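Visitor: If you scroll down you'll find the structure; I have some questions about it.
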Amino acid sequence: MTTLLHIECSPRKQRSASLDIARQFIARYQHNAPDTEVITLDLWALELPEFNGEVMDAKYAGLSGTPLTEEQAGAWAALKSLAAYLHQADVLVFSVPLWNFAVPYKLKHFIDVVSQKDVLFEFSPEHGLRGLLQDKTAVNVYARGMDFSAPGAQAMDFQRPYMDAWLGFIGVTNVHSLYVEKTILGPEIDRASRLKSTALALLLADQLA
Ligand SMILES: Cc1cc2nc3c(=O)[nH]c(=O)nc-3n(C[C@H](O)[C@H](O)[C@H](O)COP(=O)(O)O)c2cc1C
C-alpha cells in the first residue's frame, strides 16, 4: 500500500488553484493505484506548535546532550508527531500558493517546526548532513497570480527554489513540480491555465501510479 500525504498550504478552499490541481492529481493517482491511502494535513486547520523559547531550549538541550525537562520533552514530542506524517508517507504532495515571492507563512512555520536534527536530518562531523526522508517522491503544485515565465520573473521566485532546497536537505530528491499561473488575470486566463496544468498533473499521475 502507498501512503500519500497531501499538505494543503492555501486557506482558500473553494477557489484555490493549487488545491484544484493537487486534488485532480491525487484523484487520478488513487484511481490508478486504488490501495493508496490519502492523508490530508491542512496547515490552516492545524494548531501548529509555536516554535517558542521552550522548544528552542529543548532543541539546544538535545543538541548538547542535556536531559530535557518534562515541558521540553512534551514540546519535542509534539514536534516529532507532526514530522511523523512526513516519515510515514511514500508520496508527498504540497499545494503551495505564491505569497510575496515565497511560500505562505503557515508552510514556513511547519517547516521550521519539523526540520530538526535526528527528526528530519542527521549530522555527524565524519559524514556531515544527511536527510532522513529517503526513497520518497514529492509533487509540488505551485500556484502563482502572475506569469513567471516572463523574462526576469524567475529572479523573484523564492517559492520553488526554497521548496527544492528544503526537500533536498531532508533527503527528498525525487521532486516533480507542477505550475498553475496567471490565476489573478481574469477568469478566461485562469481557466486556460488550470486546464493546461490539469493535463500535466494527470499525465504525471499516470507516470507515477
Ligand atoms: C498574501 C498574498 C500574496 C501574494 N503574492 C503574490 C506574488 O508575490 N506574486 C504573484 O504572482 N502572486 C501573488 N499572489 C497571488 C497568488 O499567488 C495567487 O492568488 C495564487 O492563485 C494563490 O494560490 P491558491 O489559488 O492556491 O490560493 C499573492 C496572493 C496573496 C493572498
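Here the Cβ of each residue, glycine as well, is placed from N, Cα and C on the backbone.
Annotations per TrEMBL:
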type	residues	note
BINDING	S10, S16, A17, S18	FMN binding site
DOMAIN	3-190	domain 'Flavodoxin-like fold'
Visitor: Taking only same-chain residues 6+ apart in sequence, whose CB is under 8 Å from that of S10 (FMN binding site), what do you get?
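Guide: Expected: S16, S18, L19, W44, S95, V96, P97, P104, A143.
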Visitor: Relative to the Cβ of A17 (FMN binding site), which residues of the same chain, six or more apart in sequence, are found under 8 Å away?
Guide: P97, A143, V180, T183, D190, S193, R194, S197
Visitor: Using the CB centroid of S10, S16, A17, S18 as the FMN site centre, which other residues of the same chain sit with their CB within 8 A?
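Guide: So the additional residues around the site are R12, R15, L19, D20, I21, A22, S95, P97, V141, A143, V180, T183.
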Visitor: Among all the protein chains here, how many other CB atoms are within 10 A of the CB of S16 (FMN binding site)?
Guide: 21
Visitor: Per DSSP, S10 (FMN binding site) is which: helix, strand or coil?
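Guide: In three-state terms, S10 (FMN binding site) counts as coil.
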